[in-house]
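Marked as domain 'Kinesin motor' by TrEMBL: 6-335. What TrEMBL records for 92, 93, 94, 95, 96, 97, 98, 99 is ATP binding site. Sequence annotations record features per position, and here TrEMBL assigns coiled coil to 343-430, 478-551. Annotation source TrEMBL lists region 'Disordered' at 718-741.
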């Protein structure tokens with residue numbers, strides 16, 4: 001069982017902004033970097049009492065991002081290169097410096113953000129590591145109004161679906177993964193994604209992020225050891241969260257207000273997850289309440305090493321937001337993760353590439369040997385055969401060099417080469433005995449040449465995707481990396497020693513108080529101070545709960561107004577709904593609706609038309625007339641009356657019937673029949689079965705330069721097709737023509 005490790009939390013305070021200086025704000029936050037403590041003072045409290053918080057690191061307004069990275073983030077990125085998953089995310093209110101910490105300015109070297117420094121760190125380590133090959137892929141997504149979007153995809157507005165693999169956990173289906181080989185390529189992808197990200201200006205921040213973004217580096221490492229190859233996988237998540245907002249301070253309206261509501265709800269869900277993880281009594285952690293917490297599920301309580309950078313504002317008018325951020329950060333430092341090295345993944349892309357390389361090498365060797373044999377038999381063009389022989393010798397030497405460099409196993413190489421030579425001799429002897437078929441196969445060597453060249457090109461493309469060890473001969477770069485590691489280790493030991501010294505100083509101060517009465521008096525005073533602080537803490541919590549309650553009530557009022565608007569619109573639209581459809585009865589539709597918790601939507605019944613079968617358009621008078629005629633005929637059969645009597649009876653019958661009413665029919669039946677014919681011609685689309693898009697194989701994606709998450713995960717989850725609508729059946733027939741007697 002892997003040992004547990006707490007989430008590391010550091011706090012950073014930014015300087016006062018121009019707007020805060022203009023309105024005369026004062027500083028209420030103080031940092032003690034040596035003790036890693038942060039104290040905050042309530043501006044409304046005249047006694048000057050402060051609240052003290054202790055973290056893994058505290059950085060004031062004079063600290064640089066370089067200090068934060070070297071002290072805290074550097075060891076985490078180093079562990080990612082060892083096979084651990086890592087996450088770094090910034091948390092805080094809007095305008096507190098989260099994006100500045102994660103991205104940073106390009107023209108200020110000491111304040112370059114965590115993200116570009118992590119890129120430089122990873123690719124520098126890859127270039128100076130020996131006997132290890134790396135495959136690095138990058139992906140970039142954002143969560144905008146609870147919709148997951150691919151910032152590097154072809155359609156950045158397309159909504160992606162979050163799925164869960166039974167073995168690998170949560171992932172985003174259809175997210176593009178781009179292989180990268182150096183720092184320039186990954187920085188270009190970052191800049192491209194930043195241009196596609198949603199931002200807007202508010203009163204508190206001129207470039208406010210309106211979405212949460214996650215930039216992920218997927219690393220696969222294959223280590224060449226004496227006992228074989230060892231494959232490891234790791235992921236580094238670099239998260240830039242959107243800031244919590246209060247509408248009264250940001251002045252957002254319309255679409256910006258809707259974005260702020262969704263941001264606050266997702267951050268509230270993140271706080272609930274943190275509270276549930278810290279509280280030992282909670283049996284359920286609400287990861288599914290938000291897509292942000294769903295994607296950060298492994299980072300909070302899972303198989304990941306996590307660092308949280310809490311960014312706060314030192315201004316007195318942001319006291320409530322800064323205190324709330326410090327409380328969240330104080331709870332988060334008690335979350336325990338269980339990181340472990342991801343070794344020997346069965347479906348690692350590098351393993352697939354290694355198998356493909358081995359297969360291509362066998363194909364090349366076979367094709368080249370056959371081409372060489374054809375030259376022995378005297379077939380083909382001599383110049384072409386000589387060219388084939390030279391290519392074969394060059395490629396064989398290249399393969400030998402690669403085996404020497406990558407596998408470091410001379411005995412295995414000699415064995416493989418001897419087997420190759422044995423196969424060559426066997427093939428040569430077999431073909432020398434079958435000279436009769438040589439003339440019919442003159443065209444085959446040229447085809448084998450083309451296949452060999454295609455396989456060689458494919459082999460080169462795959463090998464170009466794997467990087468590592470390019471700068472092992474650069475002693476200056478190797479020494480620079482060693483110094484950085486040594487400095488990071490020294491700084492880590494200093495932080496541990498500082499924490500221990502702080503505890504020992506407190507213990508010495510406690511034991512120095514030998515006087516019993518003075519100790520009791522001090523305890524009493526301390527208890528009174530604690531009581532006063534607790535009372536103030538209760539008041540602060542009550543005021544914070546009151547503010548949250550007001551915000552929730554305001555949200556409920558807006559939702560009630562929106563719901564009443566929809567109800568009134570529905571009442572206006574309801575008379576326009578066709579009576580022969582199932583949506584004419586809205587109550588039955590409500591009872592049939594089912595809520596889908598994963599998709600966060602209602603599943604409604606399909607729109608159907610209910611047809612009523614009417615009798616044929618035959619007149620009752622015709623049936624009655626036929627019956628009477630039948631009676632008259634029967635009567636005339638038994639009667640001996642003359643033809644004049646028969647004619648008289650028919651005239652009397654015609655006078656009783658309404659000939660004008662039966663012959664000249666009213667327009668109403670005709671209009672009903674025409675409407676029926678129109679309904680017959682009306683076509684209702686039937687949705688077909690939805691076939692989810694299936695990507696090509698990993699090799700075809702590699703040719704295009706883009707991989708997808710579907711290549712890494714099992715395709716067990718199939719998307720169900722929508723139920724087909726009922727096909728309307730015309731139960732009416734056109735009226736048959738009648739002839740009047």
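Quick reminder: no glycine exception, Cβ is built from N, Cα and C everywhere.
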Check: Using DSSP and three states only, what is residue 93 (ATP binding site)?
Finding: strand
Check: What three-state secondary structure does DSSP assign to residue 99 (ATP binding site)?
Finding: helix
Margin query: Counting across all protein chains present, how many other Cβ atoms fall within 10 Å of the Cβ of residue 94 (ATP binding site)?
Written below: 24
Margin query: Taking the Cβ of each of the binding-site residues and counting other Cβ atoms inside 10 Å, which one has the highest number: 96, 99?
Written below: 96
Note to self: If I take every residue in the coiled coil (478-551) and average their pLDDT values, what number comes out?
What the structure shows: 76
Next item on the list: Report the same-chain neighbours of residue 97 (ATP binding site): residues 6+ apart in sequence with Cβ closer than 8 Å to its Cβ, ordered by sequence.
Entry: 12, 14, 311
